[in-house]
Amino acid sequence: MATIRNQRFSLLKQPISSILNQHLIDYPTPSNLSYWWGFGSLAGICLVIQIVTGVFLAMHYTPHVDLAFNSVEHIMRDVEGGWLLRYMHANGASMFFIVVYLHTFRGLYYASYSSPREFVWCLGVVIFLLMIVTAFIGYVLPWGQMSFWGATVITSLASAIPVVGDTIVTWLWGGFSVDNATLNRFFSLYHLLPFILVGASLLHLAALHQYGSSNPLGVHSEMDKISFYPYFYVKDLVGWVAFAIFFSIWIFYAPNVLGHPDNYIPANPMSTPPHIVPEWYFLPIYAILRSIPDKAGGVAAIALVFICLLALPFFKDMYVRSSSFRPIYQGIFWLLLADCLLLGWIGCQPVEAPFVTIGQISSIVFFLFFAITPILGRVGRGIPNSYTDETDHT
């Protein structure tokens, strides 16, 4: 028995297995982590689901403007289990964004972006941006009405970039309009970007493990930690089961609710839909874009969203991190969450009064959050940065 045990531990000391053991088994984790810290592993599961289903769908998809729509219908009707693959992939994108949005708002609530985890947060923002680009490209591939016109509207935004804008649009289109060359470009990129996402996710994980996970109290301690396995594997397993049930409800009972009915109409360049709406997870950003009448101003506002997110960790460090001890910031946080939900609703409304005005006010409120956060970070003092720090700062 002792020999078997020694062999087991010697296997964990091998080059590759020792890395896995260090980061997935013996990784020191704060003992007070709540279920809100389980969305990182769920995001990894979503990414794996998207890659696996995407590879199998690509085996039956034809990237040609005359055949793309029919090839998707062929997958749904003729390929055994094709309907399940497509619904898993389409709804999996929505689940991925739900998980990442919750993961991000948890980071905002508990100030997980603060020192020394600035690089972790910045990598997370890059991952979010890559997800948006990948999801947009994937939405174009079925070549329905909303796919075609969404591609036309969104890619044309690049023309607002000074000097090189028109060149970028022509390169994206592969011609003078969205056509077969565009679809082929997007199909190629759609199978490259997920693997870039995997690389960015591994960097995100490595950066996290450099300083360790934060915790609900927002304080640091090297003593109050336990190994990730088996304690948090079991805790994450509860989240995985709940996620599987939630995901299954959408796949089997409401597979098309999160999509748009116009995308079941083949793309027609001669017929513009009455209202061009992106997928629901783009709606808050889309609302900010539409709230500014000028195209260049709208693109600048979108760029400012990501600049604010990237700059957030570099604001002056705060005395108290967790919102549990910052009632003023807590109120501002819930206002931001409500504002993002309102922006999501505005994004799917027609561009007319009063929706434009509401969108402009909501956009201002969104950016005010990032302007106020550095000020609130200096308000309040009474919790040490570490359990072992002196609590008397006088």
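Quick reminder: no glycine exception, Cβ is built from N, Cα and C everywhere.
Per Swiss-Prot, the feature heme b b562 binding site maps to H89, H191; the stated evidence is similarity to another entry. Annotation comment: Swiss-Prot describes H103, H204 as heme b b566 binding site. Per Swiss-Prot, ubiquinone binding site is recorded for H209, and the stated evidence type is similarity to another entry. According to Swiss-Prot, the transmembrane segment annotation covers 39-59, 83-105, 120-140, 186-206, 232-252, 296-316, 328-348, 355-374, on the basis of similarity to another entry.
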*With the transmembrane segment (232-252) as the reference, find which of 39-59, 83-105, 296-316, 328-348 contributes the most Cβ pairs under 8 Å.*
83-105
*Per the definition of 3+ C-beta pairs under 8 A with sequence separation of 6 or more, do the transmembrane segment (355-374) and the transmembrane segment (120-140) touch?*
no
*Counting every protein chain present, what is the number of Cβ atoms, excluding its own, within 10 Å of the Cβ of H89 (heme b b562 binding site)?*
19
*Any residues 6+ beyond the ends of the transmembrane segment (186-206) with a Cβ under 8 Å from its own?*
23, 43-44, 47, 50-51, 54, 58, 61, 63, 120, 123-124, 126-127, 130-131, 133-134, 137-138, 140-141, 151
*Could you check what DSSP calls H191 (heme b b562 binding site) once collapsed to helix, strand or coil?*
coil
_Spatial separation of H191 (heme b b562 binding site) from the residue listed as 'ubiquinone binding site' - C-alpha basis, Å_ = 28
*asked:* What whole-number Å value do you get for the CA-CA distance of H191 (heme b b562 binding site) and H204 (heme b b566 binding site)?
replied: 21
*Report the same-chain neighbours of H103 (heme b b566 binding site): residues 6+ apart in sequence with Cβ closer than 8 Å to its Cβ, ordered by sequence.*
F39, G40, A43, G124
*asked:* Comparing the binding-site residues H191, H204, H209, which residue's C-beta has the most other C-beta atoms within 10 angstroms in this structure?
replied: H204
